[in-house]
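Undergrad: Annotation source TrEMBL lists transmembrane segment at 109-133, 145-169, 289-312, 342-359, 365-386, 398-422, 434-455, 467-488.
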Amino acid sequence: MKRIRIAVSHRPTLPLPAVHQLRRRHLPVPLFLPHTSLPLTSLHRLAPTPLRRVPALLASQTPSPDSNTEVSPPPAGAKLVPLIVSLAVGLAVRFLAPRPPEVSLQAWQLLSIFLSTIAGLVLGPLPVGAWAFLGLTAAVATHTLPFAAAFSAFTNEVIWLIVISFFFARGFVKTGLGDRIATYFVKWLGSNTLGLSYGLTISEACIAPAMPSTTARAGGVFLPIIKSLSLSVESKPNHPSARKLGSYLVMTQFQASSNSSALFLTAAAQNLLCLKLAEELGVIVANPWVAWFKAASLPAIVSLLATPYLLYKIFPPEIKDTPDAPALAATKLELMGPVTKNEWVMIGTMLLAVSLWVFGDAIGVSSVVAAMLGLSILLLLGVLDWDDCLNEKSAWDTLAWFAVLVGMAGQLTNLGIVSWMSSCVAKLLASFSLSWPTAFCVLEASYFLIHYLFASQTGHVGALYSAFLAMHVAAGVPQVLSALALAFNTNLFGALTHYSSGQAAVYFGGKIHLST
């Protein structure tokens, strides 16, 4: 039986955060090892935004470069080849592809701008927000859309709900509440590697409905804990010892995060957007939070319980027992002390928000109003301050580019493009004499596999959800089944590749330092 032991010789030198970053932060207590005062968690936990890519915490065996070496900045402006390809897509549709007679010139022109925008989001000639703004500018400058219509989605309730969810996630990380919950599960279930994985998986499922950002859960709570445990058994970077523990925990948590996001309506931002887009197409899901949970509970819970065990067999760790992990977690909890006032406020606020999300329809409180009330409480009681919100760049960036995508998709629906596309696909499926269950499987598989071209779940939803839902309905698939199945599928393909989602980038950034 291998014992957990200290491994500090490979730790890199980490820069200290700025003073203004430390001043307001609740400092999470690191996981200490016996007979040493060196923490295993890193100072990166104090960074101002939890949603940025987590830097490598485990040491590379390659010596660090000389600090005096000058690094040339990346070239400014757009990348030439992706720019040309992205523009060529839109220009080809506008001027080379024949316009169907039932589609207006305005609709066809907007479709060309939309496709060029999507191509740019995939190829990346500019940052996502900048490219989306260029697409919006093109729509207004060419008189394809009036200014008011182009910016109409910036008042969309669901988009603001997504923005506020980023602030909730910051509150979990800043107070240390998410870290405390996960550490309790390590204490209770972490005596062996499989139990440790189940503890982390179950703790994410418990946090998910009140922390509507899979990326924040990954980077702000679970990856730091996994890295601490991995380093304690010398899961060295770029070394065969990586298979001892770290690679297994990262892969398990990455796959399980998709299931926890699919289990609750409020566990991921894209879930809320899916139902909003479905509503715009006339597909109404009554009592959405409860209906979502009823539909998702059986497959999601079964998947959550099966994932750690299946990966334990398919991708087994070398270390099977971790007898010191519960003791280390208990030590960490002692050093963290009792639950702080801010943590209690965070717990109460999240219970209020989730209760209003579940029962709000019955008392006339919408989901976004519930989120606004929760954020107001956090601001009034000092759990968050306005600088925390301003520093949450991911939230404001999402507001900018996502509103552009949703706005364009909505205008395409209003101008008849979506109905035209769905009727074409329905005729094609009818020519093959496909029953609706067969058509359902074909469309769901297509929606899933297309995600190989996307690096964002929300971007995929904004670009294709409405069109695929319309195709389902036109093929005779029951409406609510179509809406929910596409939404569940959206969570599953978040674990498809190392670039398929925000949490994929976070976990892959950790995994490359844990595996060969």
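The backbone N, Cα and C atoms fix where each Cβ goes, and this holds for glycine too.
Model, not experiment: these values are computed from the prediction.
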Undergrad: Should the transmembrane segment (434-455) and the transmembrane segment (109-133) be scored as in contact, given a threshold of at least 3 Cβ pairs under 8 Å and pairs 6 or more apart?
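TA: Yes, the transmembrane segment (434-455) contacts the transmembrane segment (109-133).
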Undergrad: For the transmembrane segment (109-133), name the stretch out of 145-169, 289-312, 365-386, 398-422, 467-488 with the most CB-CB pairs under 8 Å.
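TA: If we count Cβ pairs closer than 8 Å to the transmembrane segment (109-133), 398-422 scores highest.
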Undergrad: Could you check whether the transmembrane segment (398-422) packs against the transmembrane segment (467-488) - three or more CB pairs closer than 8 Å, residues at least 6 apart in sequence?
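TA: These two segments touch.
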Undergrad: Same-chain Cβ contacts of the transmembrane segment (365-386) under 8 Å, 6 or more residues past its ends?
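TA: Apart from its flanks, the transmembrane segment (365-386) reaches 24, 157-158, 160-161, 164-165, 167-168, 170-171, 174-175, 266, 272, 342, 345-346, 349-350, 352-353, 356-357.
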Undergrad: Same chain, outside the transmembrane segment (145-169) by at least 6, Cβ under 8 Å from its Cβ: which residues?
TA: 50-51, 110, 136, 139, 210-213, 216-217, 220, 266, 269, 272-273, 276, 350, 353, 366-368, 371-372, 374-375, 378, 384, 388-389, 392, 394-396, 398-399, 402-404, 406-407, 410-411, 458
